[in-house]
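Below is one structure, written out as structure tokens; comments come after it.
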């Protein structure tokens, strides 16, 4: 049997005024990924699946994000915001191309899963013409109720229109829907706007399908999974749910989180085996951590690659472009950016390494700074394998420190250092006998008496 194809339409044209943000609502992040990106990543994306995203006329950034996440996404503009059904029909061209299953979702529900999208399609394969995603609300106030009889969906009843018995229903409408592609346009075109707001509501599709003598049904998911994000408070709630998911998944994969509730992960964080994450670690997007690595407390990592049995922190900041080789060590109060640090190299404390390549087993002393920026451009520092950089050294890029070379403590290095050489740049130390006493005596003579 040939697999059914699908078209998923993601509605992302909302203004999001309650977010009180200049950023379009669906671009706000949860676990380092935009709300929209979470939904697009969960939507079907096989060879026989298509994707359309409906955006507002003034939200080009939303379209750009959709294309970044899913290059196959077709972007459609809802010129006027006249309701959910009107938004779906903004993608009329995509619907008209045909699909076995039409899925409709919202760009502000980041917790929806690929598994739920798959389950939403199953009743269409078994004779239903329309499927609505529902959830059991802890407090159903304000939600549309799903009225079910004999296992079939008979109506979506908004709270203002619900009877006393219907108000007791806790099964609520999540807004996500699947429609048989053969009837989708016919059903959508029959939706009218004879209501107080003059808008076209997708929920009216249930009655239209039943009037056609066809079957509508419901599948259920958790309330968490269909949380819509309209305020910063709801954004924080979604972050909490997502972080719990990510932590549980990490621990199930063999990661040791010593205090899970204090560790923050990104949606794309990847781990090897036997990784240990100590309390109060923040991992941003683009981080991979290989087998046996340890991330000590109060470290912050973004777009960094951590090798096997490497160590980071405590109190380390790894910025984008950092790569640690196997067994490398980044210690306390070290910041790195665009830095390749090869196997076994050590940067133990109080150091900035930017735009640099540190060779295998090199040792970088406390207080070393790679001076990579001249006010206009960044420049690279190269430190050879086995090199030793003494404490409190400044390496003024562009500069190369040779294999096995030494740099004496306190040096300001502006020229390349050959392999195996020692480079020292200091003024001659002098000592002036008796100077301290003369200084104190002079200060005492000029000091004003203290007031009593």
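Cβ coordinates come from backbone N, Cα and C, glycine included.
Database features (Swiss-Prot):
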- 349: active site, proton acceptor (ACT_SITE)
- 11-14, 25, 78, 83-84, 144, 158, 173, 230, 319, 337, 352, 363: UDP-N-acetyl-alpha-D-glucosamine binding site (BINDING)
- 108, 230: Mg(2+) binding site (BINDING)
- 366, 372, 373, 391, 409, 426: acetyl-CoA binding site (BINDING)
- 1-232: region 'Pyrophosphorylase' (REGION)
- 233-253: region 'Linker' (REGION)
- 254-452: region 'N-acetyltransferase' (REGION)
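Annotated features, which come from Swiss-Prot, shown on the structure.
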residue: 11; record: UDP-N-acetyl-alpha-D-glucosamine binding site; CB count, 10 Å: 24
residue: 13; record: UDP-N-acetyl-alpha-D-glucosamine binding site; CB count, 10 Å: 26
residue: 108; record: Mg(2+) binding site; CB count, 10 Å: 25
residue: 173; record: UDP-N-acetyl-alpha-D-glucosamine binding site; CB count, 10 Å: 24
residue: 230; record: Mg(2+) binding site; CB count, 10 Å: 15
residue: 349; record: active site, proton acceptor; CB count, 10 Å: 18
residue: 352; record: UDP-N-acetyl-alpha-D-glucosamine binding site; CB count, 10 Å: 19
residue: 366; record: acetyl-CoA binding site; CB count, 10 Å: 19
residue: 373; record: acetyl-CoA binding site; CB count, 10 Å: 12
residue: 426; record: acetyl-CoA binding site; CB count, 10 Å: 10
Taking just the CA atoms, what is the gap between residue 319 (UDP-N-acetyl-alpha-D-glucosamine binding site) and residue 372 (acetyl-CoA binding site) in Å? 15
Could you find out if DSSP has residue 372 (acetyl-CoA binding site) as helix, strand or coil? coil
Which one is it: of the recorded positions 13, 25, 349, 352, whose Cα lies the shortest distance from the Cα of residue 372 (acetyl-CoA binding site)? 352
Give me the Cα-Cα distance between residue 144 (UDP-N-acetyl-alpha-D-glucosamine binding site) and residue 230 (Mg(2+) binding site), rounded to a whole Å. 17
Measuring Cα to Cα, how many Å separate residue 11 (UDP-N-acetyl-alpha-D-glucosamine binding site) from residue 108 (Mg(2+) binding site)? 9
Once the chains shown are all counted, how many other Cβ atoms turn up within 10 Å of the Cβ of residue 372 (acetyl-CoA binding site)? 23
Under DSSP, is residue 391 (acetyl-CoA binding site) helix, strand or coil? coil
Radius 10 Å, atoms counted are CB only; among the binding-site residues 25, 319, which position scores highest? 25
Under 8 Å by Cβ from residue 83 (UDP-N-acetyl-alpha-D-glucosamine binding site), same chain, sequence gap 6 or more: 193, 197, 199, 200, 201, 202
366, 372, 373, 391, 409, 426 bind acetyl-CoA per the record; greatest CA separation between any two, in Å, is 23
Using a Cβ cut-off under 8 Å and a sequence separation of 6 or more, which residues in the same chain sit near residue 391 (acetyl-CoA binding site)? 365, 366, 367, 368, 409, 410
Taking residues 6+ outside the region 'Linker' (233-253), which of them lie with a CB under 8 Å of any CB in it? 19, 28, 30-31, 35, 110-111, 224, 227, 260-261, 263-267, 269, 271, 277
